[in-house]
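**Q** Structure provided below as structure tokens; questions to follow.
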Ligand code: HEM
């Protein structure tokens, strides 16, 4: 009976591979590289033990990879004007962690595990490292051949976006408004730099010098952190003022206190279409469970299969 099930799975996998069908699955490497997930996790943890700041970068990397073309590791490619050299990716971090995970998995199963899948596993493992709840990650993405800085600038939503623009941007990828609010909860960890906050603090618009949607005391604090006329990208501010190093639901509490760092954060509480979801996610248990589900959806917004992609040997360059 057990053998029968196993044989059935193998036949199914082979048929899917031959047909080139999109086939994201849990336990994707169960037969082709049984230790892939644990080897990747060990490599990720080893790198994060050296620099835990990169955990937030790896969670963000999943978003930046999937929103530009599809989830195909195009964000990792080196070259003139590739995505990673777009301004919007200037602070994206964690590339060396992906390299280390790839080297570890190549050592046991050469040419089997894609870089796009490694991004998905590393985002999950980073969340767990920051005390978030584990979820099952699907595998089966192929790595793409192209990468364009212009596409990254065009496709990634900027921090000035309000609710309508965010809803539209996520809907274009088949993600719901609710999933957008849940995924934004990843701003419970990590930082933003002053250049992105300054427009809310100084000369905001004709009526208001400072964005009135920011709690006044918090705005004064931010002005001390980010002085006027120093549009500094090296000064960074935590996005979650309550528990910045821990992956939890306090981001939503921060929004209720009018302390969302970006317009794209605060709008989620200020807009009637998303406020209810924010209120419901203040519950940490619910947020943790929903976040994993939403990350599975994000990591499946588009997948290359068959000859549309390849399994790169090195994540920073296409195979020759
Ligand atoms: C909803 C639209 C979103 C906007 C407008 C946005 C914007 C930003 C911005 C401007 C930063 C600061 C980067 C810097 O200072 O250079 C940031 C950081 C971050 N974002 Fe988002 N983001 C969004 C959604 C997401 C999603 C969906 C994820 C992941 C699922 C994510 C994960 C992160 C993380 C973890 C950081 C911290 C990075 C670090 O500290 O290295 N963001 N985001």
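Even glycines carry a Cβ here, placed using N, Cα and C.
TrEMBL lists 64 with the feature active site, proton acceptor. Residues annotated as Ca(2+) 1 binding site in TrEMBL: 65, 68, 72, 74, 83. According to TrEMBL, the feature substrate binding site maps to 157. Annotated heme b binding site per TrEMBL: 187, in sequence order. Annotated Ca(2+) 2 binding site per TrEMBL: 188, 240, 243, 248, in sequence order. Taken from TrEMBL, the feature disulfide bond covers 33-109, 66-71, 115-315, 194-226. The domain 'Plant heme peroxidase family profile' annotation in TrEMBL covers 23-319. Taken from TrEMBL, the feature signal peptide applies to 1-23. The feature site 'Transition state stabilizer' is assigned by TrEMBL to 60.
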**Q** Quick check: with 65, 68, 72, 74, 83 left out, which same-chain residues have Cβ atoms within 8 Å of the centroid of the Ca(2+) 1 site Cβ atoms?
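**A** Near the Ca(2+) 1 site, the remaining chain residues are 64, 66, 69, 70, 71, 73, 75, 76, 77, 144, 147, 151, 152.
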**Q** Within 8 Å of the centroid of the Cβ atoms of 188, 240, 243, 248, which other residues of that chain place their own Cβ, given that this set defines the recorded Ca(2+) 2 site?
**A** 189, 242, 244, 245, 246, 247, 249, 250, 251, 254
**Q** With the Cβ atom as the reference point and anything under 6 Å counting, tell me which of the recorded positions (60, 65, 66) are near ligand 1.
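**A** Within range of ligand 1: 60.
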**Q** Would you count the other C-beta atoms found within 10 angstroms of the C-beta of residue 71 (disulfide bond) for me?
**A** 29
**Q** Taking the Cα of residue 315 (disulfide bond) as the centre, which of the recorded positions listed as 65, 71, 74, 157 lie within 10 Å of it?
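**A** The recorded positions passing the 10 Å Cα test are 74.
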**Q** Give the residue from the disulfide-bonded residues 109, 115 that has the most other Cβ atoms within 10 Å of its Cβ, counting over every protein chain displayed.
**A** 115
**Q** To the nearest whole angstrom, state the Cα distance for the pair residue 68 (Ca(2+) 1 binding site) and the residue listed as 'substrate binding site'.
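**A** One finds 11 Å between the Cα atoms of these residues.
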**Q** How big is the Cα-to-Cα gap, in Å, between residue 64 (active site, proton acceptor) and residue 74 (Ca(2+) 1 binding site)?
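**A** Cα to Cα, residue 64 (active site, proton acceptor) and residue 74 (Ca(2+) 1 binding site) are separated by 9 Å.
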**Q** Which one is closest to residue 33 (disulfide bond) in space, judged by CA to CA distance, out of the recorded positions 60, 71, 187?
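**A** Answer for the nearest of the recorded positions: 71.
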